[in-house]
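The annotation active site is assigned in TrEMBL to Asp174. Residues or ranges marked as active site, proton acceptor by TrEMBL: Glu241. What TrEMBL records for His172, Asp207, Asp270 is Zn(2+) 2 binding site. According to TrEMBL, the Zn(2+) 1 binding site annotation covers Asp207, Glu242, His556. Residues or ranges marked as domain 'Peptidase M20 dimerisation' by TrEMBL: 288-441.
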Amino acid sequence: MPSLNEKGGQGVLPTTVETALAARPKPFWRSRKFLVLLGLYVCVHLGHEARENSYLYNSGEAACPQADVLTPTKNADVWTALNDKIGTPAFKTSAVDWLSGAVRVPTESYDNMDPVGTDPRWEAFAPFHDYLLGAFPLVHTSLKLTKVNTYGLYYEWKGTDASLKPLLLAAHQDVVPVDPSTVDQWTHPPYSGYFDGERIWGRGSMDDKSGLIGILSTIETLLEAEFQPTRTIVLSFGFDEESAGFHGAGALGEYLLGVYGENGFAMIVDEGSGFTKQYGSIIATPGIAEKGFINVLVEVTAAGGHSSIPPAHTSIGILSALLVHYEKHPHKVEITRDEPIYSTLQCVAEHGNDVPSVLRHTIKKSASSNKALRRLSSFIQKDLVLSSLVGTTQAITRIEGGVKSNALPERASALVNHRIAVVSSLDETKQSNTELLERLGHKFNLTYTAFGQQVSAEGAPASGTLTLSDAFDGGLEPAPVTPTGKDAAPYQLLSGTIKATYNVHRAIQDVDSVIVAPSMMSGNTDTRFYWKLSPHIFRYNHHNAAIADSPLAGIHTVNEFHNIDSFLEQIRFFTTLILNADEATSF
Ligand SMILES: *[C@@H]1O[C@H](CO)[C@@H](O)[C@H](O)[C@H]1NC(C)=O
């Protein structure tokens, strides 16, 4: 899943960046799963901060309209039959075998890997392909498999109606490496796939072999039931999502673009968030956006020389002043109504059973009142997680300079890592960096160049230089925001599918059992390579975050596990999604 990580995992940052920034498995706070949970946490955390009081607010029109439960009609028989089957002990055994077998084949991806064919570590994926071939025989006889860049898996299950745009289901084959020094902290060995009757243990059991195996298990089962799709289904499984995705999804995205063209897919569903209980309500939070990022390299050069006759400021001293200036001037976090998190908040206010009344009032009122919107901003500013999701962030992550205790440093540099707000852009971020340092550049008498443009006066004498540049590869724009309005048929279909899945898994009829709230994560998934394929991209795989002991259990760290009940519900989700999309006529 998406991660905040600068390096592997659901790498937010490209490989080169990740490479340069770090050389160990990414900590879980940079992981996709962590981000998933951020979305959910957003809801919880809000409640703690709001003070209860007696405001009452009567809203006029409904915010956050909810789709109806959507169950297949044309495909009703196969849906019912499959749901019955998924509920049997025999199917549970198959599901355990499928997932635990996949966990037993390690597929670690690392930062700094050389291209496929050069770096032997990629060869770990060949046994995984062999495993899939053996585990899913019907998939491999009925779907067309194309291997892209050797290990990228692209399956096509041709539908009978070529006029319908295909559904694209994505997942990734690779896992975060297990840190060898932590192996003895695992209750069950990380590649055991051990099943204790409730949980399947091991690296990848959740992230993201549950997604990949969930999809293939669903299709194998549909094939067994002799289902023939009307709408073509395409599967795209990258193999280096945990280290930025260039070799896997990067190549697959290009390939699919060549085959299906721009906007060639009806919708895309990749790994992402799930649902959990917040505010007395079950809230599902499909990711509809991703922040961008850029690593700004700040470099100062100054004359060298012997440290016994120093100037007032060395390059290191000047750089330090610049970095202090950065931290004194964080980007201001102001929520706008275009922000995905704003939609999340609207949904919580409209449908959450237990939202503190002052918070509910402020959120609702902000739809029409700028004053209330500012109050909401100041509320968000006090919450680190929320404000990080809403605003452009900055973090000084690396610094270097100097080579010798008695030599004046000729060069000093630092990296400032920004995660760019969905409503902002790379250009805006570069511009604000440039303006931020202008006064100090002048004060320290430096020739100032930012992103290739000279900022200080041409030819003026100077005692050194200040240069800002994109480190590595220039960063990534924020993702386009997936439409979620009443007319956005794919979002409505996904919402109705989530509700139907939740209900059928629990054998309940209650239409209002789940609130679907569009949300976002601060990291990136493989979908960063799929933007051109469809505007309807969702990062969601229906994990039940409510049943893990800790919502962050094991993701990207020791003791990763997946609960079998949640995995079975995931299979119901993919089943319902495929059947609903198959008969949808609105897109
Ligand atoms: C800037 O540095 C140059 C070169 O050392 C020097 O000639 C010039 O006077 C300095 N300007 C200021 C304003 O200190």
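Including glycine, each Cβ sits where the backbone N, Cα and C put it.
Heads up, TrEMBL stuff is auto-annotated, nobody curated it.
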Practice prompt. Calculate the per-residue pLDDT averaged over the domain 'Peptidase M20 dimerisation' (288-441) and state the result as an integer.
Written response: 95
Item to complete: List the residues of the same chain that sit at least 6 positions away from His172 (Zn(2+) 2 binding site) in sequence and have their Cβ under 8 Å from its Cβ, in sequence order, or write 'none'.
Response: Asp208, Gly211, Leu212, Phe237, Gly238, Phe239, Asp240, Glu241, Glu242, Gly245, Gly248, Ala249, Glu271, Asp526
Item to complete: From the recorded positions Asp174, Asp207, Asp270, pick the residue whose C-alpha lies nearest to the C-alpha of His556 (Zn(2+) 1 binding site).
Response: Asp207
Worksheet item: What is the separation, in Å, between the Cα atoms of Asp207 (Zn(2+) 2 binding site) and Asp174 (active site)?
Response: 9
Discussion item. Among Asp174, Glu242, Asp270, the recorded positions in question, whose Cβ has the most other Cβ atoms within 10 Å in this structure?
Written reply: Glu242
Item to complete: Among all chains shown, work out which of the recorded positions Asp207, Glu241 has the most CB atoms within 10 A of its CB.
Response: Glu241
Item to complete: Could you say whether, by DSSP, Asp207 (Zn(2+) 2 binding site) belongs to a helix, a strand or a coil region?
Response: coil
Discussion item. Return only the integer: C-alpha distance in Å from the residue listed as 'active site' to Asp270 (Zn(2+) 2 binding site).
Written reply: 14
